[in-house]
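**Student:** Dropping the structure in here first, questions after.
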């Protein structure tokens, strides 16, 4: 049975007008308490798109108060039927479909994402995830338990309460939906901080949340900076849970703040340095293509990027040759322009960090096969770059680059490559390519990663749990397990006169 056909990709909006730049609390738009605003840039041109209200601790306090009020016993949200929560999530998905062109244009303009990818993959993923979570709303339930004695025992899965959610800049809209979808499905209220680089789609979604009919205070959105607004959420004594997607360094700060405040629940989806292993018996055409997309998709700005390619020595030279040919086919430019398949990095800081790591690869003895520098004289563009003869101790083999840079390493044996693949503090994802079923099962079970793709890469769906081992994070998003991250499990034991089996 074939998958449903993808919708045709229209032209992006030529006259996009930014309507929403304020803080969203209680289904109303607010100026920041401080009166401050911050600029939002187009990374392809380095020009200012607009200025957005800059929330900080005072605004977070207002948002948390609204979220707490909406979560009170007897509130419209707490007394709403679970099936009605599902209906609201489905309505939000329908509104996103209606505004698909606008949202995709905005994501390309503000986030540097190739428009077709934003329209098909990001919006498609958002809508599917919302509908998946909507379907779960009235199916999250406890169990009855046959306890000893004349006791009737059952469990309840209850919403945690007020959830702080801190969104990254690489997939701003998709991560927004991954966060609010399960939280709202389970009956929580949320305070969301979008990344300061990419707040625009979140603020447009706020207007859709109100239009869909969610009660005031259920979703609140406070744009601002991590050290101010993000820190205020993480350390807030009346936030019951914080969920964060971003760097491992910031994840540590959030977990520390949660521990030092009210020991709020924490889920973290953090960095990675994911191995992708190509065995000699693999279909090389498939392996080259998936490995290529695994590291170059969205300019390499993916937490699961296949940033350590291990290739068995007998096919190494051919794999490198084909990978270089593939990388050279990229057309760079404004991501809103048809035919462009690589846009800019998100900002100057990331752009310069990538170029610094590329220089380290050259200095440490890796062979630069193509790329290796800035592209153009305007915008934060980096040439698609491929390194061969990379060794495990090089910085480019150890550090998360988050850019369009492919490292290709050589291996001799299964035992050798498993040991090297696992020799990292990260454990988010891994891939392997082989036609040998025994090898596929053996290696996938040995790899220390939250998701392992076999003969494919970066295949995510709303039904499947996603998250990391080791310093790539705690907890899971998506799937049934992702919903349970937003519930507390309560046991109720009731004395009765007589128990009957």
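Here the Cβ of each residue, glycine as well, is placed from N, Cα and C on the backbone.
In case it helps, Swiss-Prot gives these features for our protein:
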{"type": "MOD_RES", "residues": "2", "note": "N-acetylserine"}
{"type": "MOD_RES", "residues": "91", "note": "N6-acetyllysine"}
{"type": "MOD_RES", "residues": "128", "note": "N6-acetyllysine"}
{"type": "BINDING", "residues": "167-170, 193-196, 226-227, 246-247, 269-271, 349-353, 400-402", "note": "NAD(+) binding site"}
{"type": "SITE", "residues": "170", "note": "site 'Transition state stabilizer'"}
{"type": "MOD_RES", "residues": "252", "note": "N6-acetyllysine"}
{"type": "ACT_SITE", "residues": "269", "note": "active site, proton acceptor"}
{"type": "ACT_SITE", "residues": "303", "note": "active site, nucleophile"}
{"type": "REGION", "residues": "336-501", "note": "region 'Mediates interaction with PRMT3'"}
{"type": "MOD_RES", "residues": "337", "note": "phosphothreonine"}
{"type": "MOD_RES", "residues": "353", "note": "N6-acetyllysine"}
{"type": "MOD_RES", "residues": "367", "note": "N6-acetyllysine"}
{"type": "MOD_RES", "residues": "410", "note": "N6-acetyllysine"}
{"type": "MOD_RES", "residues": "413", "note": "phosphoserine"}
{"type": "MOD_RES", "residues": "419", "note": "N6-acetyllysine"}
{"type": "MOD_RES", "residues": "435", "note": "N6-acetyllysine"}
{"type": "MOD_RES", "residues": "495", "note": "N6-acetyllysine"}
**Student:** Can you figure out which of 91, 252, 419 (the modified residues) comes closest in space to residue 352 (NAD(+) binding site), comparing Cα atoms?
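**Tutor:** For residue 352 (NAD(+) binding site), the spatially nearest of the modified residues is 252.
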**Student:** For residue 195 (NAD(+) binding site), just count the other CB atoms lying within 10 A of its CB, please.
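**Tutor:** A 10 Å sphere around the Cβ of residue 195 (NAD(+) binding site) contains 25 other Cβ atoms.
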**Student:** Which residue, out of the modified residues 91, 353, 419, shows the minimum number of other Cβ atoms inside 10 Å of its Cβ in this structure?
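**Tutor:** Per-residue Cβ counts within 10 Å for the modified residues 91, 353, 419 bottom out at 419.
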**Student:** Using only C-alpha positions, which one of 91, 128, 337, 367 is spatially nearest residue 410 (N6-acetyllysine)? These are the modified residues in the record.
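**Tutor:** When the Cα distances are compared, 367 comes out closest.
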**Student:** When you measure from the Cβ of residue 227 (NAD(+) binding site), how many other Cβ atoms are you left with inside 10 Å?
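**Tutor:** Other Cβ atoms found within 10 Å: 11.
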**Student:** Where does residue 401 (NAD(+) binding site) sit in the DSSP three-state scheme?
**Tutor:** coil
**Student:** Let me know how many other Cβ atoms fall within 10 Å of the Cβ of residue 128 (N6-acetyllysine).
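**Tutor:** Other Cβ atoms within 10 Å of residue 128 (N6-acetyllysine): 15.
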**Student:** Cα of residue 167 (NAD(+) binding site) to Cα of residue 128 (N6-acetyllysine): how many Å, rounded?
**Tutor:** 19
**Student:** Far apart in sequence but close in space: which same-chain residues, 6 or more away, have a Cβ under 8 Å from residue 252 (N6-acetyllysine)?
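**Tutor:** Long-range Cβ contacts: none.
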**Student:** What's the most sparsely packed of the binding-site residues 269, 349, 352, counting other C-beta atoms within 10 A?
**Tutor:** 349
**Student:** Across all the protein chains here, work out how many other Cβ atoms are within 10 Å of the Cβ of residue 413 (phosphoserine).
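**Tutor:** There are 10 such Cβ atoms around residue 413 (phosphoserine).
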**Student:** Residue 413 (phosphoserine) to residue 419 (N6-acetyllysine): how many Å between their Cα atoms?
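**Tutor:** With distance taken Cα to Cα, residue 419 (N6-acetyllysine) is 10 Å from residue 413 (phosphoserine).
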**Student:** Rounded to a whole angstrom, what is the C-alpha distance between residue 419 (N6-acetyllysine) and residue 435 (N6-acetyllysine)?
**Tutor:** 21
**Student:** Using C-alpha positions only, work out which of the recorded positions 128, 303, 435 is nearest to residue 269 (NAD(+) binding site).
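**Tutor:** Going through 128, 303, 435 one by one, the Cα closest to that of residue 269 (NAD(+) binding site) is 303.
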**Student:** Given residue 303 (active site, nucleophile) and residue 170 (NAD(+) binding site), what distance in Å do their CA atoms have, once rounded to a whole number?
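**Tutor:** Pair distance, Cα basis, whole Å: 9 Å.
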